[in-house]
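Copied over from Swiss-Prot:
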- 1-26: signal peptide (SIGNAL)
- Cys46-Cys62: disulfide bond (DISULFID)
- Cys51-Cys67: disulfide bond (DISULFID)
- Cys61-Cys77: disulfide bond (DISULFID)
- Cys69-Cys75: disulfide bond (DISULFID)
- Arg80: arginine amide (MOD_RES)
Amino acid sequence: MRTIVFLIVSILLLSSAVLMLAEGNAASHELQEYPIEESLEEQRKCVDGSCDPYSSDAPRCCGSQICQCIFFVPCYCKYRGK
């Protein structure tokens, strides 16, 4: 009975270790596809203030901000959830 429990626990631990390694490899592959230089370049192109969601030429809001427009008030960048 003990050997069966030991075998089952060993299989579970081994399978979870394999899944964790596979997940880590996938994450490192995603990081390689999206280099830091591109991320920094995108941050330089964003704006922290006014924005225009209807123009493709206008700079977009930075990071976790969204462009919000209310009737006649000019559009501005605001943090999500606030």
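From the backbone N, Cα and C atoms, a Cβ is placed for every residue, glycine too.
Structure with Swiss-Prot features highlighted.
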| residue | record | Cβ contacts under 8 Å, 6 or more apart |
| --- | --- | --- |
| Cys46 | disulfide bond | Pro59, Arg60, Cys61, Cys62, Gly63 |
| Cys51 | disulfide bond | Ala58, Pro59, Arg60, Cys61, Cys67, Cys75, Tyr76, Cys77 |
| Cys69 | disulfide bond | Pro53, Cys75 |
| Arg80 | arginine amide | Ser64, Gln65, Ile66 |
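Cβ neighbour counts within 10 Å, taken over all protein chains shown, single out Cys61 as the most crowded of the disulfide-bonded residues Cys61, Cys62, Cys75, Cys77. Classification of Cys69 (disulfide bond) by DSSP places it within a strand. DSSP assigns Cys46 (disulfide bond) to coil, not to a helix or a strand. The Cβ of Cys67 (disulfide bond) has 17 other Cβ atoms within 10 Å, all protein chains considered.
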